[in-house]
C-alpha cells in the first residue's frame, strides 16, 4: 500500500479504490463495485454488438460481457496483454477490459476534487472526480455510468 | 420496496387467482361450504394483511367483500349477481396491487365507494331464504379467524329455521363429510394461501400437509443452481476427455460415478424449473365465464392433464396464445344455444383443454364441439386475399385450407365482435408458438367442432443445435429450423444464381434466397472463394425457406441456452449464447432474425424478378405449368398441370374390370380408370402412377407409365393430331412432346359427347379475356386457346373481368361463361356495353343450356355469339370470325 494511503488508514470517511490503468491514465474503481480481477481468455466476439463491447466469455459457467475501456474512452486499441475487472450489475456479469491492475488505495476526501472544467466530455461522463496523488492524478470511474452507456446496437453490415 | 411488501404482493396475487377460481366453482356448487370457507379465508387474509401494512384503501375494499361473503356463510343463497360483484371487487384489488407494485409501495389515490356501496347494499338485503336455509351444522365448523364478523356468524347460525327434515338431513350428510378437512385448519390465516398456492385445484387435500411439502424458493436461486450444474457438466466433459486420452487411469471408475451423478443432478435441477401447465390455465375459467355471459352462450370448460409439467419460461409464453385460442373457441367455435338445439346438440357447449407429454414434447389441445370450420368460406377468403388461386383452392385438401387461418389478417368471422373477428390473432398465436420452437395445427369437422393442437418442446433451456463455422467463428443454429444441408459446386444439380446482387439457390424447382452467415453477422464475406463449393444450410421459419452459407458444419449438440446481457438483447440475429464442451462461448443464431433479413432481401429479389418476369410475360403469355409423363414408348406426354387434381399411385390389384371398363376404389367411391393409350403397361401387380382429374362431382383416373417432371414453360401447340386422345404436339424444353387431351378422356370415362377440336393449324394472335368461375373449365379452355395462338387472361368473376377491361382496353375479345356466380354473363355483357362503352368488343358466350329464348336475351344484352360449352371447334371458329387482331384488321 502506498504512503499516501497509509496516512489516512482507519479513517471512516476514506474510500478504498482498486486502481487500474487504461492508456497510461490511472483510474480508481470503488472497491465495493469490483467482484474480482482476472485474465481474460478466449473472448467470443458478439456480432453486430456496439463497438465498445469486446465480446463475451465463460467465467466459471457464467457468461460475462466484456467492455473495452480503451474503446469506450476513445483511445486507440492497445497491444498489451490485458486484464479484466469483474463487475456485477442487476444480476448480470460484466467485466471492464483494462491494460493493468495496480494497488488498492485508501484515499482521503481531502485529496478529492471534482472534474476539471476543461476535461473532455468523452471522459467527464464516466469520471466522478479526481484524487490528487503524490506522483499523479487518479480519475474516479463512475461504474454505473459506464455500464449504463454501453449497449446500443450496431446496424447490420 | 421492502421485502414485506413484496412478499405481500406475490402472496396476495396468488391468493386472488385462487379466489377467482373458487368463486366460479361456488357459483356452480353453491352449497359447498368448503369452497365458501376457502374464499372467505382468502379475502379475510388479504384484508388483515392490508390493515397491517397500512394499505387503507385495499383494506376497506376487502372488508366490504368479506362482509358479503359472511352473509353467504350465514346461509344466504349464492346468486350470480353477488358473485359478479365479488369478482369485480377482486379485479379492482388486482388493479390496485399492480399500481402499488409499479409505484414501489404507494397505494394509488382513488375511491372505491361504488363497489363498497354495492357490496354493502347486497349484504344488507335481508332475504327470507337467509332465515330458512341457515345451516344448522355451521357451528360445528371452526371459524378460521377470530373476528367480530366470525363471532357474529356463530350467533346467527344457531337461529332455528323451518327446514324440512330431509333437507336438514342432506345438509348433515354434506357438511359432515366436507367439514372434516377443515378440522385441521391452517394455524394462522396467513399460512393458508401458501398452502393453497401449491395445489390450487386440490381443495380436498389437507392444507397443512401440502404446506409441509412445498417451500417457496426464489427463482434466482434456481437459476444459479442451474448455472452451476451446467458448469459441472462442462467440467465433467473435460475430465472425461482427459481420461479417454490416458488409458490406464485409475480415475476411471470414480469419474464414471461422477458422470452419472452429474447427469442425474442436471435432470433434478431441470425439474425444479418445471411447473404444471394448470398454472397457465388458472385464469381461463373466469375468462370463459365472463365470455359466456357477454355472448349469451352456455359454455363449459373441461380441463384434463392440468398436472402436465413444462418449463416455467415456456409456461409464461404460451399463456397468451392459449387464452386467445380459448376466446376464439368460445366466440367463433361454439354456436348460440338456439343454433345448438337446432343442430341436435346440448345447449351447453364444451371447450376441452387437454395436455399430455409425447416424446419430449408437450401437446396441448383446445377442442370445442361447435360448428367447425367452414372450408368453402376459408377457401373463398384465401382466393379473395390472393393467398392462392382458385385452381389451387379447388385442389387443396381440407387440412391445407385450414392452415390459412394462421395467416395474418385472415378472419372468416362475418362480423367483428368485441371478442374476436378482426383477423389478428391466429397468426400471432402461430408466431408466438413458433418462436418457442413449437407448432400449431388444426383439425375440424363441419358441425362437430374444431380442435387446435399445440406441440411445444418441454424446455427452452436445452435445445438441439447444429454447430457451424463461418469466418473462423462458431455459431449454433437451432435444429428445429434446419431443414437440410446442401453442397453446391459448379457442376452440381443445384446451382446458385444471381439476380442483380441477390443470391438465390435453385433447389428442386424452388428458388431460395441465400444469405452468407459471415456477412450478415458483420464479419466478412467469402463468396466464391471456396473451391470445394458453397455449403448451404437450408432453414425454414414459418412458411419461409431460405439458405444460409457457412464455411463448415461440425456437429449437432444439445446446448444449454444462456441469455445474453440485457445490453446485447437488441441484436435481432442473436438469441442467446451457450458454452461448448471446450469451455468456449458461442452465439446462438435466431432463425426468426435471419428469416427477416432473408425476407427483406428476397423482397428486393422479388421485385427484380418481377419486373423481369413481367417483361417475359408481356413478351409471351403462353407460359403454363405442364406435367410431363411417359405413356407408351415414344416421347414425352404433357398434361396442363392445372387440370390435374392429384397425383396418386394406383395399386394394380385395386383395378377391377366391369364389362369393358376399368374402375378402382378411390376415396370411398368407384372412379373410372383409363389408360393414356394402348401402349401403357397394364400391370397386374405393383403400383403405377395415376393422374386424377375431377370436374365437379365427377372424378376419373388416368394411368401413365411414369411421372417425369413438372415444368413451367412457354409452348406453342400444334393442333395437328392423328389420334383423338392427343390435343396436339409442342416443343417443350427442346423435346417434342404430345399434349394429352384431358377433355377426351373425361368424355370417354363418362360417355358425354362433346366435340374435339381437330387441328386447324396455327392461328393469328389476339388477346382474349376468359371469364369463367369454374376452375376446371378455365383450365380446359385455356390451353386450347393458347395453343391456337391467343394470349389469354383469365378472370374468375364478372366483376374482376370488368375491372380488367376498364383498366386495359387492348383485349380483342371476351369469352365468357353465361352462368356465373354473382353478376352473370348477361349482366356482364350489358355493363361492358353500357358502362365501359366497348360497343365493338366481341363477347362470345359459352352456355351449357342454350334455348332460343336465352340466346335472344343474350344477344340483346350484347353477346356477339353463342357457343355451346364443350364445342371447342365452334368457339375457335367464332373467335376466328370475330376476334380479328387489330393489326391484321388494319392490314386487311
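Including glycine, each Cβ sits where the backbone N, Cα and C put it.
Noted in TrEMBL for the protein shown:
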- B:1-100: domain 'HPt' (DOMAIN)
- B:44: phosphohistidine (MOD_RES)
- B:179-207: region 'Disordered' (REGION)
- B:191-207: compositional bias 'Low complexity' (COMPBIAS)
- B:210-460: domain 'Histidine kinase' (DOMAIN)
- B:462-600: domain 'CheW-like' (DOMAIN)
- B:623-751: domain 'CheW-like' (DOMAIN)
- B:767-884: domain 'Response regulatory' (DOMAIN)
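Residue density at residue B:44 (phosphohistidine): 23 other Cβ atoms are found within 10 A of its Cβ, drawing on all protein chains shown. For the domain 'Response regulatory' (B:767-884), the DSSP-based tally of helix, strand and coil residues reads 54 helix, 25 strand, 39 coil. Each residue of the domain 'CheW-like' (B:623-751) gets a DSSP state, and the totals for helix, strand and coil are 15 helix, 74 strand, 40 coil. In the three-state DSSP classification, residue B:44 (phosphohistidine) falls within a helix.
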